[in-house]
Amino acid sequence: MADFPGKVSTQTSSQEPQRSFAISSSVDMGFIKSIPGILLIAEIVVGLLVWTLIASTPHYLIPALGWVLFVSITLWLLSIALLVILLLSLHQRLPSVPWPLVLLVFYSVAALLYLTAFLANAATVPGGYYQGHLGASAFFGIVETLLYTASSYFAYLGWRGEGQNAAGSTVPV
């Protein structure tokens, strides 16, 4: 067996410098001033109106309104995420993603989904106390459909390279 010393001397070493992780992102104010940026902000505002108007009613009594809520809340959250990505120029950190095509597909699918949600909403507006809420949500649903259709058009132009692309001049082609 080995003998262990009665005393042990220890030393305190200096701590390693702490490392921080930072993402340097710049806010693209030009995107906010562009037509696609204005459309995206309008889609977020109108989408919020659609789902809050329906959520303020007893929507669980009409099954079709569940679909409208699903579409409106899902696309509202995805639009907010897209706004953050484009506003902070985070898409430039992912050059392998074909952003013009992604935007074209997103907006086209969103327009189609909102069209189905509008039809379901408009077909189920009952008379009575909540008629105003559901009628207004149907109106804003078709407005949202038109906004997403307009965004699809600008995304198509950006994808084809025939004009300003879907996120101003910031999306790499």
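First residue shown is number 1, and so on along the chain.
Placed from the backbone N, Cα and C atoms, the Cβ positions cover glycine too.
A mean pLDDT of 69 is what the model gives for the topological domain 'Cytoplasmic' (1-34). The topological domain 'Cytoplasmic' annotation in Swiss-Prot covers 1-34 (among others).
Annotation comment: Swiss-Prot describes 31-160 as domain 'MARVEL', evidence class sequence analysis.
Residues or ranges marked as transmembrane segment by Swiss-Prot on the basis of sequence analysis: 35-55 (among others).
Counting same-chain residues at least six beyond the ends of the topological domain 'Extracellular' (56-67), those with a Cβ under 8 angstroms from any Cβ of the stretch are 116-117, 120-121, 123-124, 126, 130, 133-134. Annotation comment: Swiss-Prot describes 56-67 (among others) as topological domain 'Extracellular'.
As annotated by Swiss-Prot, transmembrane segment applies to 68-88 (among others), with the evidence given as sequence analysis.
According to Swiss-Prot, the feature topological domain 'Cytoplasmic' maps to 89-98 (among others).
Taken from Swiss-Prot, the feature transmembrane segment covers 99-119 (among others), and the record attributes it to sequence analysis.
Broken down with DSSP, the topological domain 'Extracellular' (120-138) shows 12 helix, 0 strand, 7 coil. Annotated topological domain 'Extracellular' per Swiss-Prot: 120-138 (among others), in sequence order, evidence recorded as a curator's inference.
Long-range contacts of the transmembrane segment (139-159) within the same chain: residues 35-36, 39-40, 42-43, 46-47, 49-50, 53, 68, 72, 75, 100-101, 103-104, 106-108, 110-111, 114-115, 117-118, 121-122, 165-167, 171, 173, each at least 6 residues beyond the stretch ends and with a Cβ under 8 Å from a Cβ of the stretch. As annotated by Swiss-Prot, transmembrane segment applies to 139-159 (among others).
What Swiss-Prot records for 160-173 (among others) is topological domain 'Cytoplasmic'.
As a summary of secondary structure, the domain 'MARVEL' (31-160) carries 111 helix, 0 strand, 19 coil according to DSSP. Outside the transmembrane segment (68-88), and at least 6 residues removed from its termini, the chain residues within Cβ reach (under 8 Å) are 25-28, 31-32, 37, 40-41, 43-44, 47-48, 50-51, 54-55, 59, 103, 106, 110, 113-114, 116-117, 120-121, 137, 141, 144, 148, 167, 170-171.
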